[in-house]
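Working notes for the structure below.
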Amino acid sequence: MLRVLVVDDSPVSRDVLCEILASDPGIELVGVAKDGIEAVERTRELRPDVITMDVEMPRLDGYAATEEIMIAEPTPIVVVSGSMSRPDIEKSMNSLRAGALTVIGKPPSPQSPEFESAAAMLIETVKTMAHVKVIRRHRRKAAAPKRTSRASSGEVDRRRHFDVVAVAASTGGPPALLRILSGLTADFPLPILVVQHISAGFSNGFARWLDVSVSLRVKVADDREPLVAGTVYVAPEDTHLGVGSQQRIALSDHAPVEGFRPSATVLFESVAQSFGQTTLALILTGMGCDGVEGLRAVRHAGGQVIAQNEATCVVYGMPGAAVEAHLADRVLPLDDIASVLDVVGRRALRDRQVDSATPPCDAEGV
């Protein structure tokens, strides 16, 4: 029996969440809390298997409560947000950074035609996240000077030239992407394309959160826009992301691939076809095996694949599947992946400086 604690300051929302969860015979509702302070206290008392956490609450909000719980009593937390406002989206994303596993929207009222599907999604999410092993966090201190890992950077073949970076992630992806992108400067010379599996309604807010948090420009991709260096293109909600003719963004609403839209496999296959051996693909934390067939295409085209290592993953499903299929050229922790991208970027900048400084040959000089 799965023991769940519901945290929400709204009596109406609490009742709806409790009714949905109690309807499943495999779930036991062990308690409720009406704010973050109560959430921390009830977690310590009840030791639930999973917590559903509201975002905006009095006394202590969901983000701060998540931080406290992950320090004192590490527990799988599902953020349940009822607002798509910028402040609430930011708090939801920061809650993931603090250790929450995923974020979903609050179910509508029982009278809504979308209620049944939303209720089923809540139950499925709670059950799935209960099996994720969470780790104890430590209180944040003043940021130490960033240390570059020379060993991991040296693993990159310095003779290789890359023109694009393609990234796929699922559970645990937002904070992982933030950590990687934070290590890059605004003059990073390659475009970066991202497929992040995230709940309906959160793609735009996720991109905005990254955009204000890192030096690079981050945006939701628009169909047929040209790829620009130093820009991160996030797949729109429920839409496949790829690269089309003239190396422009190509969006599609084609059928989901292995249940996913956007699909990591679609992204990787498309980028491999357009960029070939100058493709660098990153497969990060996430459940399932989305992306494996796409990585096969990247390797076949001569591109390189880096998988996040198990120790730094929230869930080792996607990178683990790539490693098991022998598709990863490197298996690295997050900070080392950031170091690799730094090396790749500096190499690309040097190549461009050399190209621009080399005068063209004239006919008489040949």
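Backbone N, Cα and C define each Cβ position, glycine as well.
Straight from TrEMBL, the features:
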{"type": "DOMAIN", "residues": "3-121", "note": "domain 'Response regulatory'"}
{"type": "MOD_RES", "residues": "Asp54", "note": "4-aspartylphosphate"}
{"type": "DOMAIN", "residues": "164-341", "note": "domain 'CheB-type methylesterase'"}
{"type": "ACT_SITE", "residues": "Ser170", "note": "active site"}
{"type": "ACT_SITE", "residues": "His197", "note": "active site"}
{"type": "ACT_SITE", "residues": "Asp290", "note": "active site"}
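Overlay of TrEMBL feature records on the structure.
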{"residue": "Asp54", "record": "4-aspartylphosphate", "Cβ within 10 Å": "28"}
{"residue": "Ser170", "record": "active site", "Cβ within 10 Å": "23"}
{"residue": "His197", "record": "active site", "Cβ within 10 Å": "21"}
{"residue": "Asp290", "record": "active site", "Cβ within 10 Å": "28"}
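Rounded to a whole number, the C-alpha distance linking Asp290 (active site) with Asp54 (4-aspartylphosphate) is 29 angstrom. The CA atom of Asp54 (4-aspartylphosphate) is located 21 Å away from the CA atom of Ser170 (active site). Helix, strand and coil counts from DSSP across the domain 'Response regulatory' (3-121) read 54 helix, 25 strand, 40 coil. Across the structure, His197 (active site) and Ser170 (active site) are spaced 5 Å apart at their Cα atoms.
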